[in-house]
Amino acid sequence: MVLIRVLANLLILQLSYAQKSSELVIGGDECNINEHRSLVAFFNSTGFFCSGTLINEEWVLTAAHCDNTNFQMKLGVHSKKVLNEDEQTRNPKEKFICPNKKNDEVLDKDIMLIKLDSRVSNSEHIVPLSLPSSPPSVGSVCHIMGWGSITPIKVTYPDVPYCAYINLLDDAVCQAGYPELLTEYRTLCAGILEGGKDTCGGDSGGPLICNGQFQGIVSFGAHPCGQGLKPGVYTKVFDYNHWIQSIIAGNTTVTCPQ
């Protein structure tokens, strides 16, 4: 079963696709406090439920399946229980999902751009991560991070984000693991073939950083997490560069690539 990685009232909703917004990094270690300065934590009335990535002082990029009616975004967070001096909280001013997204296909165009209600000030623990200048190559070393579950079956949510390194795999690996993953979906396949390292429930919307560039958004994967032949699937950011840049420039009617 594909796991959509989202936290909703601490329940994993097992649907035909279960996305990762409730998942944590499996097989990782606690992130260094300065290792995730672009990582954004999403909170609603029930608590943490998704992540995003700050791409400039006014915009955050996340997964479309992380959309929620009422939520706040916290930047500069490490421990969810201990306030950082430079931590900042923002609300969404505008949210943009691909107008040509197929609503009945949760895996299609799983990307959302959020304009903040006010600009973020860069600080010791808050620094934006630029959009990629080129697409990633198979074999690239990629960095994953998040507050998602750190155990693959029984959900265990950490107080601090966990980080791990995985590899960008050939798309054929994910096509074999997920026959329902259509070839036209603009996604990346990343993990460890022997298993044991993966994003998991609660990590949805967070970044996949390959060779220092922001290349992917946590979208979905298998349950249990960390299965070698069923790696994580990530929205391919590079393919959406034009859509993202057009919206930021004020062209809010632009469509996403098919």
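Cβ atoms are placed via backbone N, Cα and C, with glycine included.
Of the cysteines listed (CYS163, CYS189), Swiss-Prot assigns CYS189 as the disulfide partner of CYS174. DSSP classifies CYS50 (disulfide bond) as strand under the three-state reduction. In terms of C-alpha distance, the listed recorded positions CYS50, SER204, CYS256 place CYS50 closest to ASN44 (N-linked glycosylation site). A 10 Å cutoff on Cβ-Cβ distances gives ASN44 (N-linked glycosylation site) a total of 16 other Cβ atoms nearby, all chains included. SER204 (active site, charge relay system) has its Cα within 10 Å of the Cα of these recorded positions: CYS50, HIS65, CYS66, taken from CYS50, HIS65, CYS66, CYS256.
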